[in-house]
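*Asks:* Structure provided below as structure tokens; questions to follow.
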């Protein structure tokens, strides 16, 4: 169930997502909270770090485990701006986080309740409570604007490259002797 506390921490996750966006990364941010204290926060960095596992959730969980001196985070809540993927969901289960709160739903790779429902699988030795859609509109808008801008930049770059190719073409016609 959503509450003011969830919205407060999701705002902080959104701020982390904005940091990722400034670096050219997909704007996803995460915050790990124990009680009323933020013990770790991070954002996506797979492009910059050339590390495919550098999702916001993974980074935040690693930092939280390091700060607490334990890989089990059974008192922790994870706030993230986008519904987690399979890799991040697996990490949450292994870390045994208490609760997940996410913003935007991800119909393509969201594994909590969109593309699949991994947390509801009966074979896990730990169940994670979750709440989705907290500040959903703000989280979704941040992602939508990022990808729209990226598509426009890619289109402009392709157009510029095509112009360069056309400029490089010779301006004369070659006719072989017969």
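Just so it is clear, glycine is given a Cβ too, placed from its N, Cα and C backbone atoms.
Here's the feature list from TrEMBL:
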| type | residues | note |
| --- | --- | --- |
| ACT_SITE | 57 | active site, proton donor |
| BINDING | 55, 85, 88 | Zn(2+) binding site |
*Asks:* Residues other than 55, 85, 88 within 8 Å, Cβ to Cβ centroid, of the Zn(2+) site?
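*Replies:* Everything else in range on the chain: 56, 57, 58, 84, 86, 87, 89, 91.
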*Asks:* Within the chain of residue 88 (Zn(2+) binding site), which residues six or more apart in sequence place their C-beta under 8 angstroms from its C-beta?
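*Replies:* Same-chain residues close to residue 88 (Zn(2+) binding site) (Cβ under 8 Å, separated by 6 or more) are 55, 57, 58, 80.
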*Asks:* 10 Å Cβ neighbour count around residue 85 (Zn(2+) binding site)?
*Replies:* 21
*Asks:* Here are the recorded positions: 55, 57. Which has the lowest count of other Cβ atoms within 10 Å?
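*Replies:* Lowest Cβ count within 10 Å among the recorded positions (55, 57) is 55.
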